[in-house]
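Trainee: Got a structure for you, questions after.
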């Protein structure tokens, strides 16, 4: 049974002092900037249900829109095929959203709060799965919180594995694009364009990852485009490309885990500065597909694979080369 707090709606290797210092000082840059690795398909033994000493922490940015949590519910349903309900927890990295939800009486624990709870439950092997799209600031914040907790509580777990964000490797990118195109509404005609809205970041930390995604998306479907709310991949240049494409109709869809505030207002809203309004002003017919990525089974499969196959164990000292 899904817990109410899950989403709003769900041989021992001790850390030596030398390793702990190295973890605190050097682990984050290595984790965040690690080269993308292709993951092997899980062997049958890896697909077996974990023991009661294994747990999964799902970490998302979060949402205050109750109806948008359908994405979280679908993700949790998939993950429960591998984890007992009381060994699966949720955390939101957005402190603003956590405060808002706490004010409504529906709090969602922080990463550190869940680490403490799961350690007290006797979980010895913990898998933390990021539900972020790319390794930006929210993913780095999650890493810092985990490393800080382990530095202060080195005996809490035997193993702590961190699953990477959605767009970690070329394989991930290919599978994500395939899932998007295959599960797009069948009503879309061949001469109708798609414009996906990503979040992005002002500092542009994810720009290279998102640029690769946008380029391959357009290679796979010449009428599929991608832009972001923040960062350097703004929508203005895409509007010019849409004008040249010959398309008269544009489908708008969020490239975000949930279809929350950005999808409802910045993308498909009636405000003058929404993407839908800007497109209509340019003479396009606008259609919307306001579904979060968590509602797409192909996207969920990528996250599930990351959670089950990651080998980034923070409790095991990295071998010197």
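Quick reminder: no glycine exception, Cβ is built from N, Cα and C everywhere.
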Trainee: Quick check: of 159, 262, which does TrEMBL put in the same Co(2+) site as 199, 230?
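Mentor: That Co(2+) site, as TrEMBL gives it, pairs 199, 230 with 262.
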Trainee: Roughly how many angstrom lie between the C-alpha atoms of residue 230 (Co(2+) binding site) and residue 199 (active site, proton acceptor)?
Mentor: 6
Trainee: Helix, strand or coil at residue 230 (Co(2+) binding site), per DSSP?
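Mentor: Its secondary structure by DSSP: coil.
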Trainee: Cα distance, residue 262 (Co(2+) binding site) to residue 199 (active site, proton acceptor), nearest Å?
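Mentor: Their Cα atoms are separated by 8 Å.
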